[in-house]
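Annotated features, as they stand in Swiss-Prot:
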{"type": "DOMAIN", "residues": "11-193", "note": "domain 'tr-type G'"}
{"type": "BINDING", "residues": "D23, H24, G25, K26, S27, T28, N140, K141, I142, D143", "note": "GTP binding site"}
Amino acid sequence: MNNEQRLKRQERIRNFSIIAHIDHGKSTLADRILENTKSVATREMKAQLLDSMDLERERGITIKLNAVQLNYTAKDGETYIFHLIDTPGHVDFTYEVSRSLAACEGAILVVDAAQGIEAQTLANVYLALDNELELIPVINKIDLPAAEPERVRQEIEDVIGLDASDAVLASAKANIGIEDILEQIVELVPPPMGDPEAPLKALIFDSAFDAYRGVISSIRIIDGTVKAGDKIKMMATGKEFEVVEVGINTPKQMPVAELTVGDVGYLTASIKNVGDSRVGDTITHASNPASEPLQGYKKMNPMVFCGVYPIDTGKYNDLREALEKLQLNDASLEFEPETSQALGFGFRVGFLGLLHMEIIQERIEREFGIELIATAPSVIYKCEMTDGSEVVVDNPSKMPDPQKIDKIYEPYVKASIMVPNDYVGAVMELCQKKRGNFQTMDYLDDIRVNIIYEVPLSEVVFDFFDQLKSSTKGYASFDYELIGYQESKLVKMDILLNGETVDALSFIVHRDFAYDRGKVIVEKLKTLIPRQQFEVPVQAAIGQKIIARTNIKSIGKNVLAKCYGGDISRKRKLLEKQKAGKAKMKSVGSVEIPQDAFLAVLKMDEE
């Protein structure tokens, strides 16, 4: 291709993504767009086509972003090249959204005609506005009996401030309004800016590992062109490689001669090491490099940490490999080795939130076949010591000696909860119970309220979302962002089994709730830990002080079964012997702890 052809082609490229709250019909709309642009043969079409992971299809959510190239012949007779970059909608995967938006010029904002704007929609809209994207509002599911498109149109204008008078009324399921959406993309989304003759600049927005071809990087070309045989250089690491193949996804990978400005495709360069192709890095030519890298992504810091251990201790190295491969295209995953007396060798892994944690654990069990035990998640606490130093604690068992701690700080989040006004009382009660501080309350219209609370992250992390959904019959939607640290009265609680501390069961709790929580946990463990041949005391302690205790009764073997009547001293001798045996067993016996026991520490509030 010469330069003139490249520039002409560039004018016909439209890069866009679809943003929406969970369940507002994003993946279905993506399916319809693929169908209407005839980019997928009818027989290959299946629901949620872009959600390639089994987990995504089962849970009906999008986890990873995906990019596809489509050709669309518009009403003006021109054929346009669309790049659709699919995004997840769940709060834990916000970083996936910010990654895909950085590769676009426009975004389709999908809002459910029955439910209206939800917390996640707003959060993603702000991300899109930060990236200066052109927003196209679409009101989806208008064929539902409960649909109120006019109310939602007004809501988009009032809450987001977008002109929604031309908003497309659509139903992705019934294939209504899809043509109008495609035409609006052509009209409203600007073509990519960039110079095909400038030095190459390409943003890596995703990467995956293939056993045969090495690392496959998904890239968006900002300036310049790249083709097979080029010598390229990663700007963050300075490593150089030779390009083996460039291509586009039509959802299948298809090699092409070159990728030029505005193209979204993939590149392989026999990169063997997972760490050499970092998401957010800039690729440039080794011989004629760009002067400065593109602005990457802001690093998402993990908020929740938990210990992950293989049940079969021989699989420790396999687990390390699994985590490295997942980290390749999940930049926010962090891990470091740790050991526990109760569980052996494993890793301390950092996640963005609970859903992220669940999904990663499930992916390790499925994709790599490693069975795991996970400890209770905890957040990062900061301790100001009496000698003026600061200690950061991400694992409750590493909490310093309470005598040496002056103050403890814990992370707080600003939680915005959108809810119908019938449930305001229930939401406020839940937030108070979770130690939240009320901030503001705005009425969006006559039925929906946006409530803002500051809540400790440790309270949000466990089961806040589940409780919020159940106390509002599923109507509330919820989004949170970290706002910083605040001082709290926190103590570390240890659980002792048979007089020994189990490090993996320790957790950090607010002093006012310590007694109740200790009591609940001890009772719960009593039912979960199998009975031994000797009596096992279960205790909850803060420092040296035991605050709750119960006993797991022993399984009694009837040693008198073979005595038929007869001499009392004979029976007494057998009972004494049994008692001595049990005492000895108790001093050396160890207690097996089932996986449920670790989870019991989390799910406290169900009582």
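Cβ atoms here come from the backbone N, Cα and C positions, even for glycine.
Non-local contacts of I142 (GTP binding site) by the CB criterion (under 8 A, 6+ apart in sequence, same chain) comprise A113, P149, L169, A170, S171, I176, G177.
Around the Cβ of N140 (GTP binding site), a 10 Å sphere holds 30 further Cβ atoms from the protein chains shown. Of all Cβ atoms in the protein chains displayed, 24 besides its own lie within 10 Å of the Cβ of S27 (GTP binding site). Annotation note: I142 (GTP binding site) sits in a coil segment as assigned by DSSP.
Predicted-model confidence for the domain 'tr-type G' (11-193) is 72, expressed as mean pLDDT.
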